[in-house]
Each structure stands twice: as C-alpha cells, then as structure tokens.
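Structure, as structure tokens:
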2 protein chains.
Amino acid sequence: MSPVHTHPVIGQAPKARARSRRGTAASLAPEPKAEERVGAGLIEELSINTIRTLSIDAVQQADSGHPGTPMALAPLVYTLWQDFLRFDPEDAIWPNRDRFVLSIGHASMLLYSMLYLTGVKAVNAEYERPGEPAVTLEDIKRFREIGSKCPGHPEYRLTTGVETTTGPLGQGCATSVGMAIAGDWLAKRFNRPRFTMFNYSVYTLCGDGDMMEGVASEAASLAGHLMLGNLCWIYDSNRVTIEGHTDITFSEDVATRFLAYGWNVLRVGDANDTERIAQAIERFRRTNDVPTLIIVESHIGYGSPHKHDTSAAHGEPLGEEEVRLAKRSYGWPEDAKFLVPDGVREHFHAGIGRRGAKLRKAWASMLESYRAKYPELAKELEQMQRRELPDGWDADLPSFPADAKGLATRDSSAKVLNAIAPRYPWLVGGSADLAPSTKTRLTFEQAGDFEADTYGGRNFHFGIREHAMGAILNGLALCKLRPYGSTFLTFSDYMKPPMRLSALMQLPVTFIFSHDSIGLGQDGPTHQPVEQLIALRSIPGLVTLRPADANEVVEAWRVIIGHARQPACLVLSRQALPTLDRKHYASAKGVARGAYVMADAEHGKPEVILIGTGSEVAICAEAYEVLLRDGVAARLVSMPSWELFEQQSEAYRDSVLPPEVTARVSVEAGSVIGWDRYVGDGGAKIGMHTFGSSAPLKDLLHKYGFTLQDVVDAAMKQIERARQKA
Amino acid sequence: MSPVHTHPVIGQAPKARARSRRGTAASLAPEPKAEERVGAGLIEELSINTIRTLSIDAVQQADSGHPGTPMALAPLVYTLWQDFLRFDPEDAIWPNRDRFVLSIGHASMLLYSMLYLTGVKAVNAEYERPGEPAVTLEDIKRFREIGSKCPGHPEYRLTTGVETTTGPLGQGCATSVGMAIAGDWLAKRFNRPRFTMFNYSVYTLCGDGDMMEGVASEAASLAGHLMLGNLCWIYDSNRVTIEGHTDITFSEDVATRFLAYGWNVLRVGDANDTERIAQAIERFRRTNDVPTLIIVESHIGYGSPHKHDTSAAHGEPLGEEEVRLAKRSYGWPEDAKFLVPDGVREHFHAGIGRRGAKLRKAWASMLESYRAKYPELAKELEQMQRRELPDGWDADLPSFPADAKGLATRDSSAKVLNAIAPRYPWLVGGSADLAPSTKTRLTFEQAGDFEADTYGGRNFHFGIREHAMGAILNGLALCKLRPYGSTFLTFSDYMKPPMRLSALMQLPVTFIFSHDSIGLGQDGPTHQPVEQLIALRSIPGLVTLRPADANEVVEAWRVIIGHARQPACLVLSRQALPTLDRKHYASAKGVARGAYVMADAEHGKPEVILIGTGSEVAICAEAYEVLLRDGVAARLVSMPSWELFEQQSEAYRDSVLPPEVTARVSVEAGSVIGWDRYVGDGGAKIGMHTFGSSAPLKDLLHKYGFTLQDVVDAAMKQIERARQKA
C-alpha cells in the first residue's frame, strides 16, 4: 500500500512544475546571499526558507525540539497563510477568522515562526502585553526556555494566535471538528440576509499520529456525518514515525477510509509544490457539503542531507553541522542564525496582513449595521465573545420541595438544565449516545437537534464516541459556545485526555456524568465507577461537583455556569435520592463553598462529623438523625466539591471541619483514596476498596458497607477512639 | 448511505431461501407445542428460539437488562457455535480452542444461554465448582442478582466460557485483536511439521457502538496491517442505538472503511438467514491472509411486534405482555418461562459438543507425541498455560554499582527487561510508537519484530494507538502470553479503559510508562504528567511502582514478574537518576514491601521522616545527608508503591512510618492528593498543585519547589511544628 515516491529528492533538479516549487532546494552554492535575493523575485522562497531556518535554529539553540516537520511543511504553511487564511495579525481573535489548528503540536516552531513573521499582536492581558507582538525574535530564541512565549508545544492563552493547545496526538484534529461545528452553528444562529456574520473555515494540520489515534477517527466519522464543509484537514504524510517507517505499523489506505467517512479527499504529491497545494485548498473552498482531507506527501527533515526521511529528523536538533548542510541546501547563509531577510515580514504584511485586515474591517463595519438592524442578536454575539452570561439566565431555576422519595440527580439536573437553556441560547450539548440515560436532552420546543440540515439545533448527537465528544466540546468552547457533554461516569475514562486539555486551557466546558457509583446496580463492575471521582478531582483546574439532592443540583449548576474559565464535572446519580428538607437542614447554597454544615450538634459542638457526598449524604443524614436520637452530638457535612472547599479560607474550612473534632467518618461510594485529608489520622473512610458487582442496589449497599448501620457503627467507633485518645 | 432494508419483517412470509431461515418468526398459531416440535425436524429453530426466550425471560425476571440483541442474533450465534466454533464445553480452556468474544457485552444473555445450553463445565476453583456446570438454569433465573454466575455484563474468571470481560464498548473488539495476534505468535513458536499446536480462530461479535469507538478503529487498522487471517469480526448492524436510529450520528460506509484497513468484508442481509451466515463464516475460514468483517443486518428485538427495530428493545425488559407477543411470534408457548424443550441441549451436545470434544482430544493426543518429540517446547507450552515462570528467569538480573551520575530508570529498565526476556520466551511487548524513548525494545538478536511475515517476533509495533495497545495487551494475556506495552505516563490517559479491565480481569499485563513527571522538561505541560500517578494508584487491583534508581528497577521488575494475576504499572524517569550506594543505604529489596527505610537516624529514633518516590528519592537522600550533617535525626523512606505498602501488616507499616513521628515530608513530582495518608495531619506534601510548563528540568525543579533547600526547609518546619505540638 506504500505509495510510490516519485517526488524530486534533494539534489535532483526541479522537474516539470519547477516554477511552482517555491522553497525547494536550490543550488548548493551559497551565493547570492539571502538578503540579496529579495530583489530577485524569490521572496516566496525566501519566506519559506525563513520559516525553515528559524525553526531549525530555535530547536538547535534550545537543544530540544522537533525540526523535521517545519522543514517539510514550510511551503504548505506559507501558502495556506499567505494566500488563503482569513486571519488578521492585528486582531487575532476576530470572531469570523479562519482557524488554523496545528494538531501536530510538536511542530510548534512552524506556528511560532508564522506568528512572528506575520506580526501577530498579543491580546491576552494575563500572560502578554496586549498590543505588543505575540512572539518576538527574542521569544523564538528562547524557544522551550522557562517563561518563553514559545513553549515546546503550543499553548492556548499563553500565546495569541494559538487556537488550541496541542501535543497529545489526535486532539487537535478532534478539537477542530468542534470548531467547524461551532462555525456552522454560529452561521445558522447569526447570519441573516446580506449579513454573513460567520463563514469561517477550519484548517487542521495533521500527521501520521493523528491518522492512527482513535479519537481522530471518531471525530472524522462524525464530521463526515455532519457534512462539515468548512473543515479541511491537511495530512502531512511523511511516512516516518518515531519507531521508523510507517510501514512497520500503518499500511491502511487513509484516502479510502476518509471517503468511507463521507469526506472529499485530495492528494498533493509533493509538499514543496505550492501550486498544487493552492489548487487543493481552492478545491476545498469550493466544496461546501462535505469535509475535505488533503493528503500531502512530504519529506520530514527536507533539506537535511543526512536526516531527511528519517525519524532522526523528528524529535531532536539536527546538530550544528547538519544545520549548516541544511541551510546550504536551501541556499541560505550557513553561519547566519535566526536570520530574517529584509522584505520577508513586509511580504507577509502585504499578503495575509493586508488581506486579513481588509476582511476583518469589513466584518466590523458589517457588525455595526447588524447591530442597528438586529440589536438583540448583536448583543448576544458580543456577550458570547466576552464569555458573559445572558441577562436573567437563572430566572427560571427551580427550587425543589422536600420529598422523601425524591428523584435521581440526573433527573433534577435535567430539569435545571432545561430551566437554564431557554435563557442561555448558546448553551448547547449532548451525549455520547446516552442522552435518555444521562437525561441531558433539551426538551423545549425550539431546542432542536444539530444535524447536517439543522445546524441551529442545540441537541448534539456525538454517537458512541466519548473521546471525540470531549475534544469537540473543547472546540466548541474555543469558539465561545457554552458546551456540555454527557456519558456515564465510568466512561469518563474514555475522554480523559480532552478533559485534561480543557483544564489546561481553562475552557468553560461542562462534563455531565451520571450513573456515578455502584448505585447504578445491575450493569455491574464494568459500568460502576470506583476510581473515577478521584481521577477527576486530581486534574488541576477542573472542578468536580457531586450534589446530594435536587437542590444541591440547582446550586451546582449555578456554580458551573458562573465559571467563565473553568471546566466542571457534574456527577449525578442514576437512582432516586430524597430531596432533603431544607427547613430542617441548611440551605443548599453551601454548595458554592464546596462543603458546608448541613445539620449540627447542639451549640455547634459535635463529637463526631459525618461527611458525605452525592448519594451518600442521604444515608449520612439518616445516621445523623439516629445519633441525634441516641443523644450523640453529631454534625452532618455535605461535601459536593473538594476543589471548591480547598479554595475557601482556612477559617471557613476549620469552621466546617474543626481540627479539634477528630472523630470523623466520610461516606462516598467511590475509592477512599484522598479522604484522609478530610477525616484526618485515624478517621473512618467508608468507600470502595475493590470493584463493584452486578446486583440490585440494595444488595450492593449491604455488600459494600453503605447501610445506615455501617455509618452509625463507624461513627460510634470514632467517638470511642477519640475519647480514648483524649 | 443508509442501506436499503429489503429483509422480510415480522409477519411477512419467508421468501426465497425460506428453508434456510431457521429461527424466523413462524406462524402465529401457538401449536404445535414447542416440546412436540422436536420430532418434526425443527430442532434448529427450537434451539434458536430457546436462546431467544431464555434471554427474554431472564431480562424480564431481573427486571433489568438487554433483550433486543439476543432476540436478533440468536440464529447467528447458534450457527457459529453449533456448526463452526471449535470449542469443547467439557474443557472450555483447551489452549487451541476458537475464541468467541462478545464485544457487545450488554447482550450477555446470548452468551449465558449458550454456556448453559452447550453444558460448559466450570474450571475456576476460586469462583466456581470445577466440573460442575458453569451456568445452570438456576443461574440464568438469577441473572443480574447478587452472586449470580450471570452478571449484567460477562466477567472473565467469574464464569467459565467468558473469554474476556466486556461491556465498555470497543474493548472486546480490540482485545480480540490481541487474541488473534497471540494465535499467530503461538503458532509460529510452537507449530512444527505435522504438529499444528495452534491454529485457532477468533470470532468477535460487535455492534454499532464498537464501530464508532476509536479504540476499535485503532485495533482494526493494526489488524489489517498485521494481516490477521484468524480474526473474524461479526458486526451486528441493527442501525439502532440508545438515542435512536444510527442515522442521527453514524452514516459512514463501514464496509469501505474496513476495506481501507485491508480487511475482507462480507455482508449478510438478514440475521435470520443462517445459510448465508454459514457461507460467510466459511468464506472467513478460507481466508488466511487478511482479517474478515461480516456485516450482518439485523433487527433488534426481532419478534417483538411493538419494540423490534427500536431503542426500546435495547436496554430494558420487554414487559410481560410484549414477552407473550414475542413468544407467540416464535410459535412458543406464551406462558412458559425459562423453557428448554427436550432435545435442545442434546442437539447442542451432538453438534458443538461432539465436534469440540473430538478436536480437543485429538489435540491432547497430539500434545503427547509433541511432548516426546519436542520436550522443551512442550514444557514451555504447559508452563505458559499454567502462568508459571520459566526456570531461571531471573538468573541474569543485573546489579548496578553506585554511581552519582547514574542513569534514567527508563534506561535501567531497558537493561533489566533485556536481561529477563531471553530467559522468558513468552515475554513480549512493545510501544505505541515510542520505543526509542521508553526504551522498551528487546535488543538481543533473536528477539525480532512481530510483523505480518514474522509472527514469531517479540517486539510489537502498536503504532500511535495507545488505547488499542492496552486492549491488545489484555488479549495477549488472556491467551497466556506475558505482555508489556509502553508509552509516556501522561498518555496513560489514552489507555485507561483497558487498564481498568486488566485490573478487573486480574491479568498479568505490565504497563511501562516513562517520562513520568515534569522531569521530562521542555515538552511542556501537555506531556508532563501530574495527576496520572494518583489515577493509576486508585484503580483497584493494579500495582503501580515508581522506582528510585537502577537497583529499585531490578526489584520492581522482580515484583512485577512474580505476580501471575495482577497488572502492574512501571513508572520511569526520562532524566538520569543517581544509582544510590547500597552499602550506605538499605538494600533495594525493600521495594517488594512497597516502602522501606533506606537510611535512618541513630538508634532508629527519627525526629522527621522524608518520604520520596522515584526521581524524588535522590533529592530526599540529599536532604537526609544535609540534615544528618546538621545533627537532625531524620529517616529516609523510599516508597515505590502505595499498593504494596498497603498489603503489608500494620506492624510493618508502623515500623516504616512510626505513628509517634508526626513530622513528615513527602516529595513526589505529581499531584499531592492522597499523600495525607502517609504524612498525616499537618505533614508536608511537596508535589504539584498545577500543571507544569515547558522549560529545562533545572528551572522547573526550582519553579515548582523540588530543590534540596525546599525539602530541607520543609523538614525543619515539620520538626518545629511537632515540637510545638509536643
């Protein structure tokens, strides 16, 4: 299946379409000097080789990095940006810009070179000085150094112009599907006759790794199904991976696979053939009804006489001598480092810069008229862009009356979600084929489904593709939608990589996980989460909430929606939980603080503290009542979120869990790991120590020790221990 | 892309190939009674409908489960087992049996019905009574009840005849690729002229979910690459998922996709057409050079007049009335429950039973001759099957001299692995395209690569497919190989679902994760694990080891290899770590106990305890020396494995971490969550609280507080705190 490589290799004379092979290896003679060539009409070649040599030099200087792909793909990226990308370096977050996703994040110098050469201006006051260049030549010289704007892999927020954090393979591809979906959704929502507010394209640069990762396969299948005509993946087929030639593990016919997904597939036989590249991109732009895959055959380490087409060019510096040889093959001054010939930046300014500015300004002026004609929509558009909440989003939040029978938190969450969504038009989401079980469907009339012929719908069907769902949610959030996605808690394992990226990028994505413990019963241990809660809690920057009843669900949603820059997990029960009587117990408002005293001993002087989360709060409450009846001074604490609790002052934390009260019992139907922090030395942790099993819930609670008696016994033992110690 | 459904639907008269449509809906008249039909030559239909009705009745009785798929696929499973599967119910673990994998684990009643009807005998003394039936009719009546041999999803070990635990979608498919690889590997290793010890086939029943999950895509791509002619996936295309018709999210051309992977693709237009099914399976059996996908168009809930072809038939009982109607449509007595007509079990006995016994006995007698002719190979084969270790497997384990510069634990692990592997012929493995970085390649001459033309090779190239790698490792282990797989620790996130199954199934799989912290440096936060260690530690039954130096690596491997029924993670550094002087420090043998005192205060009376893991032990050792010099009584504890430590007696644990010594510092370049357990209330936890960043290691250690001074300061503060408290 290996394609026949008929492309010119280094040292051979350019053949037929020589004119179009901008940036190929020129004569080996180093003259005329790079700077002198500008006048000779070779500015394109000069620009391409500037990208290449900046990348080579940065990696060499850092003594770490990936030079081979920038060397191969500079002509492609040059052509895409200079001649096609609708992107204004002066305003890199203009909402209708084309998105460029570098799914091959290790080739980060390709992107940094472009950000520098096109003069992208910084916008993010937190990490940058707005208005200053996002990337300077000095930043490039500090590639991979501490505090650099040019880290090893591109990081969203840190560097303006980076559309998404990439590096873990497959993620960029799948995220870009979310961006394309967002584009179609935004177009449907905001475009009006003569007002094309949104029609951006998404270009994604992928590699062999992306083609192999399952997450990209899932996303490609869905993109084909949704007929995302605004999506273009460009596959750098260099046939080299870290372990060697792709022949050792990857011999499928990628083109045919994508045809099967319903994509249009184009092929460019030589990554240096900018004319063909341009033709392919033009073909994509004329294709509106299906996504496009452009397969570009390239030579990793192009220009390096000893390392091209080898894995040695992938992940380490070329070495000083090889750098010289590569530069010589480009006709570049061998001793020049970080050379940017005069005219190159001006050339980009005249190309992408001028085109981008014109487009952006036209859009801005269209927005003015739009604001006049459609003030409500314009307001919405602008609120979205600023990640503001719509006015009155919480006006319909319900309050649930006490109810001993109660309802599952997945059900109360459905009610809350459906109370918020009508007032929050860009709150959209769905499930990985479990919406009837996770109860995440928007049921009001106007909600609709997002399908190829109904891009305005708000219910997404991700299919049985949890991993792609996670990445797509990130893509939606990057384009300023407010997305949520759902599956069973145990299957959060399938989507951990994009959840991690969500946290790293600080995106307001909501992950809804129902069936949150052995409480799901008979489906058994494959479906019963045990270790998932702690896995989620340990992701930095992610907030996990496990509400105890319907009113805690309301408050959990309030916390989640209130966070503009933090992903959250909402962890919900399958089984019904009593709606606690808030006249008797403290208000659920305490959810916002992560943990709160729900009921207390007389005079606030407990001898033992019962700490529960989610479905186990009800049993703690029962135990509290029994202890109370028996004259035992107990405190009942609901602790829906460790992360929120940790954010509170020490004084507050000590007020909930007074250090002097060492008799403590935690009850959570998940792994006990981590609970020592809250029960302290010698405290009791009722939880799971093994996998669960398939049986009705009642039997499982008995088997694994979650009965009322278990909790009461543990509390009494704790009191005894504390008394003995005192 | 939706295929045209031209199959007969319920109520229509069977058409052309009527004779071959065994098990289709017969006349609606309930006569003649099921029992009476036996003599009428309808035993095949009777058997098929027995599978159906047992499944329906079990789900109805449990009031929970998935009836629709067993109703649809009974004819398929009947045909496969009765006419093809080389499987002996009397000895369900005969090594050369065909493997049947129910990737659609929710359709578990299909499998339990077959185990009961074919009379599979139990073999697992831990959960069963060997020699007794693996599944009785009573077990089926207790489907999904506590302690039942018939849990919601099939569980390996619990029920003989279940080849692998399934339920999480895609896993069965990918695991079956590992089984097929194992078959080819075993054949290459053990087959000799006239001794075909291994030539089993692997049949996998997949659904729409499997086709959508990325892990199955990854595995299918690799299976095609490896030209696994012994692998047959049967895809139940019923076009219904939980959210509705697959048209809402899944419109790709599956057949073409698999052709692109290099598979042979067959289609059967009607799941009731047993003749066509048989033809397709025969085609598969004649195809030796590529894997086969048989797409079977089916009707979920077949026979249920109101629920067939709907998602209502998927995951809930039909309801009493619908059960009657379905039975009526099969010509079944409507009131009979759990009816197994006379003759049905006898029919299976005469089919699969007799055929399987003959094959197995022939194999056993061949093994006798083989043992005579190839005693060494026979011994190896039998040791493998019993999961015994080869004699002298550890004879060449190295010992590393003290070395201040030292080496990365990924490098020492490479040496250890290459010292074990030549003496452990069925220790095989590879990497998800990172072998040069994880250093997991077997480098000795005979090791070789596992490729389509070299099935005896021991180095596997999984490609950039971590998720499939994890599942394939499970498949290899299920076929008694001793597999390992490697990637970077951060990418363990990509393969968590199969790791979980590995733990649930108690399989001796070794997961090797290098680049285990910010210690990897410049690749930045996407590549730097933070929360992964705690995520792994929280999986029940999985042992995680993070050795501190080369000699701890030796002992870690000794522990891992010694476990016949436990998966393990070996967590390794990218950066060099000093090889500690074991004349000065305690022997690394302590690794086996999870944590051990490496160096102590005089008289074993420390005032402060420093606890490190992996790369942070060296810095703790430095701090220990500084404290010693300053006259501070410190203890140095290396804690490579929480899980192993927890398995020790309380006395041992208290001897390492005496309760009276409350001044404690843990140092680990990962999330601090969970460390409270070992440092106690108020102890110091030096670790990560955020994601890392891209920079040289030195700078990161400084930035995140892992310098010598940080540790010494923390220790002094702890001492002060303890003194104040005392």
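Using the three backbone atoms N, Cα and C, a Cβ is placed for every residue, glycine included.
Remember, TrEMBL labels are computer predictions, not curated facts.
Annotated features in TrEMBL:
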- B:1-33: region 'Disordered' (REGION)
- B:HIS66, B:HIS314, B:ARG410, B:SER437, B:HIS515, B:ASP523, B:HIS527, B:ARG574: substrate binding site (BINDING)
- B:HIS66: site 'Important for catalytic activity' (SITE)
- B:HIS106, B:GLY167, B:PRO168, B:LEU169, B:GLY209, B:ASN238, B:HIS314, B:PHE491: thiamine diphosphate binding site (BINDING)
- B:ASP208, B:ASN238, B:VAL240: Mg(2+) binding site (BINDING)
- B:HIS314: site 'Important for catalytic activity' (SITE)
- B:407-579: domain 'Transketolase-like pyrimidine-binding' (DOMAIN)
- B:GLU466: active site, proton donor (ACT_SITE)
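Here the features listed in TrEMBL are placed on the structure.
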{"residue": "B:HIS106", "record": "thiamine diphosphate binding site", "Cβ within 10 Å": "25"}
{"residue": "B:ASP208", "record": "Mg(2+) binding site", "Cβ within 10 Å": "25"}
{"residue": "B:GLY209", "record": "thiamine diphosphate binding site", "Cβ within 10 Å": "24"}
{"residue": "B:ASN238", "record": "thiamine diphosphate binding site", "Cβ within 10 Å": "27"}
{"residue": "B:VAL240", "record": "Mg(2+) binding site", "Cβ within 10 Å": "26"}
{"residue": "B:SER437", "record": "substrate binding site", "Cβ within 10 Å": "19"}
{"residue": "B:GLU466", "record": "active site, proton donor", "Cβ within 10 Å": "32"}
{"residue": "B:PHE491", "record": "thiamine diphosphate binding site", "Cβ within 10 Å": "24"}
{"residue": "B:HIS515", "record": "substrate binding site", "Cβ within 10 Å": "27"}
{"residue": "B:HIS527", "record": "substrate binding site", "Cβ within 10 Å": "24"}
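Neighbour count (other Cβ atoms within 10 Å of the Cβ, all protein chains): 26 for B:GLY167 (thiamine diphosphate binding site).
Take the CB of B:PRO168 (thiamine diphosphate binding site) and look out to 10 A: across all protein chains shown you find 26 other CB atoms. Here the CA atom of B:PHE491 (thiamine diphosphate binding site) lies 14 Å from the CA atom of B:ARG574 (substrate binding site). Filtering the binding-site residues B:VAL240, B:HIS314, B:ARG410, B:HIS515, B:ARG574 for a Cβ under 8 angstroms from any Cβ of chain A leaves an empty list. For B:HIS66 (substrate binding site), the number of other Cβ atoms no farther than 10 Å from its own Cβ, over all displayed protein chains, is 25. With respect to Cβ neighbours within 10 Å, the binding-site residues B:HIS314, B:ARG410, B:ARG574 differ, and B:HIS314 shows the lowest count. In sequence order, B:HIS515, B:SER694 constitute the residues six or more apart from B:ASP523 (substrate binding site) in its chain with CB-CB distances below 8 Å. Sequence-ordered, the extra residues of this chain that approach the Mg(2+) site, with Cβ no more than 8 Å from the Cβ center of B:ASP208, B:ASN238, B:VAL240, are B:GLY207, B:ASP236, B:SER237, B:ARG239, B:THR241, B:THR246, B:SER298, B:ILE300, B:HIS314.
On its own chain, B:LEU169 (thiamine diphosphate binding site) has B:SER103, B:ILE104, B:GLY207, B:GLY209, B:ASP210, B:MET212, B:GLU213, B:ALA216 as residues at least 6 apart in sequence with a Cβ closer than 8 Å to its own Cβ. In this structure, the CA atom of B:HIS66 (substrate binding site) is 6 Å away from the CA atom of B:HIS106 (thiamine diphosphate binding site). Spread of the substrate binding residues is 48 Å (greatest Cα-Cα distance among B:HIS66, B:HIS314, B:ARG410, B:SER437, B:HIS515, B:ASP523, B:HIS527, B:ARG574). Between B:ASN238 (thiamine diphosphate binding site) and B:ASP208 (Mg(2+) binding site), the C-alpha separation comes to 8 Å.
The two recorded residues the residue listed as 'active site, proton donor' and B:PHE491 (thiamine diphosphate binding site) have their Cα atoms spaced 7 Å from each other. With respect to their backbone Cα atoms, B:ASP208 (Mg(2+) binding site) and B:SER437 (substrate binding site) stand 36 Å from each other. B:ARG410 (substrate binding site) sits 40 Å from B:HIS106 (thiamine diphosphate binding site), counting Cα to Cα. Residues B:HIS106, B:GLY167, B:PRO168, B:LEU169, B:GLY209, B:ASN238, B:HIS314, B:PHE491, recorded as binding thiamine diphosphate, reach a greatest CA to CA spacing of 34 Å.
DSSP assigns B:LEU169 (thiamine diphosphate binding site) to coil, not to a helix or a strand. Here the candidates are the binding-site residues B:VAL240, B:HIS314, B:SER437, B:HIS527. The one whose C-alpha lies nearest to that of B:GLY167 (thiamine diphosphate binding site) is B:HIS314. Checking each of the binding-site residues (B:VAL240, B:HIS314, B:HIS527) against B:HIS106 (thiamine diphosphate binding site), the C-alpha distance stays within 10 Å for B:HIS314.
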